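To start, the structure under review is shown below, and the notes come after it.
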Amino acid sequence: MSPKQEEYEVERIVDEKLDRNGAVKLYRIRWLNYSSRSDTWEPPENLSGCSAVLAEWKRRKRRLKGSNSDSDSPHHASNPHPNSRQKHQHQTSKSVPRSQRFSRELNVKKENKKVFSSQTTKRQSRKQSTALTTNDTSIILDDSLHTNSKKLGKTRNEVKEESQKRELVSNSIKEATSPKTSSILTKPRNPSKLDSYTHLSFYEKRELFRKKLREIEGPEVTLVNEVDDEPCPSLDFQFISQYRLTQGVIPPDPNFQSGCNCSSLGGCDLNNPSRCECLDDLDEPTHFAYDAQGRVRADTGAVIYECNSFCSCSMECPNRVVQRGRTLPLEIFKTKEKGWGVRSLRFAPAGTFITCYLGEVITSAEAAKRDKNYDDDGITYLFDLDMFDDASEYTVDAQNYGDVSRFFNHSCSPNIAIYSAVRNHGFRTIYDLAFFAIKDIQPLEELTFDYAGAKDFSPVQSQKSQQNRISKLRRQCKCGSANCRGWLFG
């Protein structure tokens, strides 16, 4: 017998959105014992068992319409007939800056579309219905109705009469939603797990995401969308500056670490690689991974050995390129067919370090669980840390936490590749996944890598290349390159 699922009660409907024909397409639900930040937009079909809630909302609208027909009423519906809304926007745009008018117009366009947000669409496609409980439901009219009655010039008797009506409505609804008369609704859904940003406007969502970008370390990362009216990628995504170790992941043991004794002033001597103990894992270290400009050499294998905190050299050492971080300003932008992508705002010569692939470091067991869920969605952000052991202990998951690299798209003809950068030489289960340019990249050129692993980016064939976990689903490739394979993971 499965455990009983926790249910959540609807307190009231607080708003609605109409389609172009004036029909209701979404209701904004206030959940009992939850704040307005947990409000969710639900389609009418999800309220099939909440006739009392709908009836009260309709009564409230009629009452407000009768008491104040002026469109400036504080309780005027958020999405009136499209024509009237657009007219209102036109009237107010004269005193609003151009940038804000543009964001408002996009917001109006978005609200008038007969589709949900991306997250809502996914929930509907998977046929997950909202938990709307009618047992002992309390319908509480908005307190602002009482306050607003004073603004409308109502007498004390009228206010008292409204209070009595509210009590009568509440009692009648409790009776109507008793177990004897309530219908059985669809399976419950936890409001706290839903998109908590649906109440924000286009402008607010975009600015909130840009605020996240401003907090990223290093050169600026900007956001632009010249394709459609999606304000930004998911606001639930959190940017991090280093790996986020999860339960069961063992961090490197400092007792097993060692470093080199290279110069503390100029750092390692690029012309004398045999002196640096950090390269001892190479059979015959003939050169460092980097040249004098800090670019990865064309003859470098898939693994880069950098210095670490136990070395005598400083952070300015020429063998600490990845550790010094990103030097290129980047831009997250909306592509026409591939969702969000990333491009460089400056010219990047071949060999330039771009950034690292970050995320949660999870165990192989946890990765297996998540991999199944991600395959259901048709997408995965998992990278196995298996460069030194095919049976990898850990995997990097950038689904919810990560770097700008999380938005890198695939290409069958990529301009960047991923290297395994090791600096904890006695501990190879966790290492950096570092992106470098493998050809000259022009300003505003999209940064792409081969999701299946670039087999030929290095002339050194004795080492395998790092690749992300292969999805079980074949997906059509939209990279558009001349040598496109046609399918991802196929």
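Quick reminder: no glycine exception, Cβ is built from N, Cα and C everywhere.
The S-adenosyl-L-methionine site recorded in Swiss-Prot includes K338, G339, W340, R406, F407, F408, N409, H410, C477, K478, and the single candidate from Y381, Y394, Y431 that the record places there is Y381. For the annotation N6,N6,N6-trimethyllysine, the record in Swiss-Prot points to K455 among the listed residues K25, K205, K455.
K464 is the residue among K61, K114, K464 that Swiss-Prot describes as N6-methyllysine.
Candidates K109, K127, K165, K193 were compared with Swiss-Prot; the annotation N6,N6,N6-trimethyllysine appears at K127. Highest local Cβ density among the binding-site residues C260, C268 belongs to C268, counted as other Cβ atoms within 10 Å over all protein chains shown. Under DSSP, C260 (Zn(2+) 1 binding site) is assigned to coil, being neither helix nor strand in the three-state scheme.
In three-state terms derived from DSSP, H410 (S-adenosyl-L-methionine binding site) belongs to an extended strand segment. Predicted-model confidence for the region 'Autoregulatory loop' (453-472) is 49, expressed as mean pLDDT.
When the Cα of C276 (Zn(2+) 1 binding site) is compared against those of the binding-site residues W340, R406, H410, K478, the shortest separation belongs to R406. Listed in chain order, the extra residues whose Cβ falls within 8 Å of the Cβ center of the Zn(2+) 1 site residues C260, C262, C268, C276 are N261, S263, G267, D269, R275, E277, C278, L279, C307, C311, S312, C313, C317, N319.
In sequence order, F237, Y357, L358, G359, Y381, A398 make up the list of same-chain residues 6 or more apart from R406 (S-adenosyl-L-methionine binding site) whose Cβ falls under 8 Å from its Cβ. Note: the CA-CA distance between K338 (S-adenosyl-L-methionine binding site) and C260 (Zn(2+) 1 binding site) rounds to 45 Å.
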